[in-house]
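> As listed in TrEMBL for this protein:
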type	residues	note
ACT_SITE	94	active site, electrophile
ACT_SITE	142	active site, proton acceptor
BINDING	10, 11, 12, 147, 182, 203, 204	substrate binding site
Ligand code: G3P
C-alpha cells in the first residue's frame, strides 16, 4: 500500500459548511479519518475556525490569510489570529481569493512566522512554478474552469497535474503537490495519486452531497 493521500476539504461559504454545520462537517471528516487512517483537513470560514478547532482533533486550516502584521489593518485576517483560533495551516491564493505574487510571498512569510502550514493554490503550471520558489509546504493546482464542475481535474486535465508535479519537483523537491477541482470520488483520488499528486483539495462533491459522510467514505474507500 503506497503512502496515504492527504484530503483537504474546503467548506468555502456553503451554508452546508457554516456555523454548527461546519462542526458537523468537521466531525464527519474526523470520523472517516479515524476509520480509514487517511489524513483529512477541515477548512471552514474564518469565523468558524475556533468553534471547529474546539470540536475536533483533525487539523483545521484557514481559507485565506493576509500578509499583514498586528496593527491597523481593518478587515484583514492575520496569521497570528487564525493560529490563536486553533488553525494549524492556511490556503493562500485560492482561485476564488486571488492574490498578487508579492502578496502570496508576504502571506507565506507571515504564515511561517506563526508556524502555519501553507497550501498555495495555483491555476496553471507557470504559476505553480512561480509560487514553488517560495517553498510553501504544498501547492494545489486547480484549473478554475473545472472548479464546481464535478469533472475531476485528474481525468479532465491530467497533464496540468503531471506538469505541476514535475515542475515543482525540479526546483523544490520537498514541496508536495495537491490537485483540486471537480474531485468527488475515490477513483478521482486514485487517478490524482497516479499522476504524482500527494492528495486532493475539494469542496462541493462532499459539502453539497446528500450524505457528506457517505461521500467521504467513498472518497477514501478506493485508495
Ligand atoms: O478548494 C477546492 C475547490 O476549489 C474545488 O472545488 O467544488 O470542484 O471540489 P470543487
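Even glycines carry a Cβ here, placed using N, Cα and C.
Keep in mind that TrEMBL annotations are predicted by a computer and have not been checked by a curator.
Because the structure is a prediction, the values reported are computed rather than measured.
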> When DSSP states are folded down to helix, strand and coil, where does residue 10 (substrate binding site) land?
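Reduced to three states, the DSSP call for residue 10 (substrate binding site) is strand.
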> Check the recorded positions 10, 12, 142, 203, 204 for any whose Cβ is under 6 angstroms from an atom of ligand 1, and report them in sequence order.
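List returned for ligand 1: 10, 142, 203, 204.
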> How many neighbouring Cβ atoms, not counting its own, are there within 10 Å of the Cβ of residue 147 (substrate binding site)?
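For residue 147 (substrate binding site), the count of other Cβ atoms within 10 Å is 20.
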> Measuring Cα to Cα, how far is the residue listed as 'active site, electrophile' from residue 147 (substrate binding site) in Å?
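Distance between the two Cα atoms comes out at 11 Å.
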> Based on Cβ atoms within 10 Å, give me the single least packed residue among the recorded positions 10, 12, 94, 182, 203.
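If we count Cβ atoms within 10 Å for the recorded positions 10, 12, 94, 182, 203, the smallest count is at 12.
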> Sequence gap of 6 or more, C-beta under 8 Å: which same-chain residues meet both conditions with respect to the residue listed as 'active site, proton acceptor'?
94, 95, 121, 122, 123, 153, 179, 180, 181, 201
